[in-house]
């Protein structure tokens with residue numbers, strides 16, 4: 001079968017790599033893909049169609065007789081790509097625009113959790129500056145967490161440690177409009193203490209299969225300092241998510257979420273990412289995402305021993321509960337190599353040199369994000385450039401392998417965090 005992966009990041013490179021391993025897959029199209037998917041060869045090829053150009057994607061699927069489409073990023077989900085593909089009779093992995101509101105509207109998600117008794121922080125919703133300001137001026141405790149309701153590429157959250165910081169944040173959201181329409185509604189919620197981890201499921205709306213848990217590193221600086229990013233590294237499994245914690249997550253979060261979505265008339269299909277805060281073994285939901293995370297995908301997919309394609313197809317056709325879904329023993333880690341200046345302004349077009357020894361390093365995979373081909377050269381084209389992954393028998397060994405590979409890759413101004421996974425060692 002021919003498969004289409006929509007997106008251009010390291011997440012989509014990892015998906016293309018995983019799907020191409022299946023003997024049942026003949027060709028993997030990546031739209032638009034990146035410099036890494038362009039040079040994978042074998043079954044994988046890029047096609048120059050934007051991830052948000054739904055009409056052109058529908059044309060591509062019809063023309064190439066593509067049997068299954070997998071949506072990587074959130075923007076096409078919000079735009080209703082799954083609805084359009086289903087109306088046209090095409091098989092697609094992902095939630096409808098209505099179901100994807102679990103990610104695309106923080107207000108929808110919080111109200112959904114409250115309605116269905118899913119553990120999450122207490123919250124208030126505001127639709128204008130004056131009411132949010134009045135609330136914060138009388139708010140007795142800080143920190144408070146301030147979130148733009150809409151999509152902000154993972155950057156629309158401020159943990160305000162003081163009243164002044166909180167007031168500044170809502171001014172930026174409502175008055176300076178730094179996130180535009182995405183901050184027309186703002187959620188202010190209680191700060192949850194604990195450690196964050198993520199759990200990922202693939203679901204047909206009723207049945208589900210679980211990937212390994214993971215922890216990512218959102219901040220740009222070591223020691224989790226500085227600005228939020230799309231994610232600077234990750235590892236799996238997360239030691240924090242013990243079998244007992246995972247049992248609670250299934251019982252208190254995943255099953256009630258799927259049942260609640262069915263009850264509300266928005267059966268949820270595709271990937272479900274649950275961002276959790278875990279405090280003394282008790283999980284609370286920080287956020288939902290309607291797709292796999294980036295960089296977490298780059299650690300959870302390499303740890304999947306079974307055929308990903310079989311599971312993806314079953315999530316659309318049925319039979320997901322009986323599909324093999326086995327994980328490897330050991331651990332995986334990924335480190336993001338970013339452009340100088342990221343997450344603020346950065347330059348692109350820097351030549352990337354990957355030492356040939358990297359190809360022979362045991363357990364190492366280099367997934368591309370902000371890269372493109374420029375003639376024979378590979379050059380940078382984004383803030384997050386590469387996601388260097390390694391699998392091994394232990395997290396320590398995986399991290400050793402990753403950093404060995406990172407040290408064999410060069411581009412001007414390359415930056416990475418050197419403490420990925422340190423708190424789990």
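Including glycine, each Cβ sits where the backbone N, Cα and C put it.
Pulled from Swiss-Prot:
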DOMAIN    110-317  domain 'ATP-grasp'
BINDING   137-198  ATP binding site
BINDING   287, 289  Mg(2+) binding site
Taking the Cα atoms as reference points, how far is residue 137 (ATP binding site) from residue 289 (Mg(2+) binding site) in Å?
-> 31
Which one, from the binding-site residues 145, 161, 169, has the smallest tally of other C-beta atoms lying within 10 Å of its C-beta?
-> 161
For the binding-site residues listed here (137, 185, 287), which one has the lowest count of neighbouring CB atoms within 10 Å of its own CB?
-> 137
DSSP, reduced to three states, assigns residue 161 (ATP binding site) to coil
Residue 289 (Mg(2+) binding site) has how many other Cβ neighbours within 10 Å of its own Cβ?
-> 22
Which of the three DSSP states, helix, strand or coil, fits residue 169 (ATP binding site)?
-> helix
Inter-residue Cα distance where the pair is residue 289 (Mg(2+) binding site) and residue 145 (ATP binding site), in Å | 18
Nearest recorded site to residue 289 (Mg(2+) binding site) by CA-CA distance, among binding-site residues 153, 161, 177 | 153
153, 177, 193: which of these binding-site residues has the sparsest Cβ neighbourhood within 10 Å?
-> 193
Once the DSSP letters are reduced so that anything not helix or strand counts as coil, what is residue 287 (Mg(2+) binding site)?
-> strand
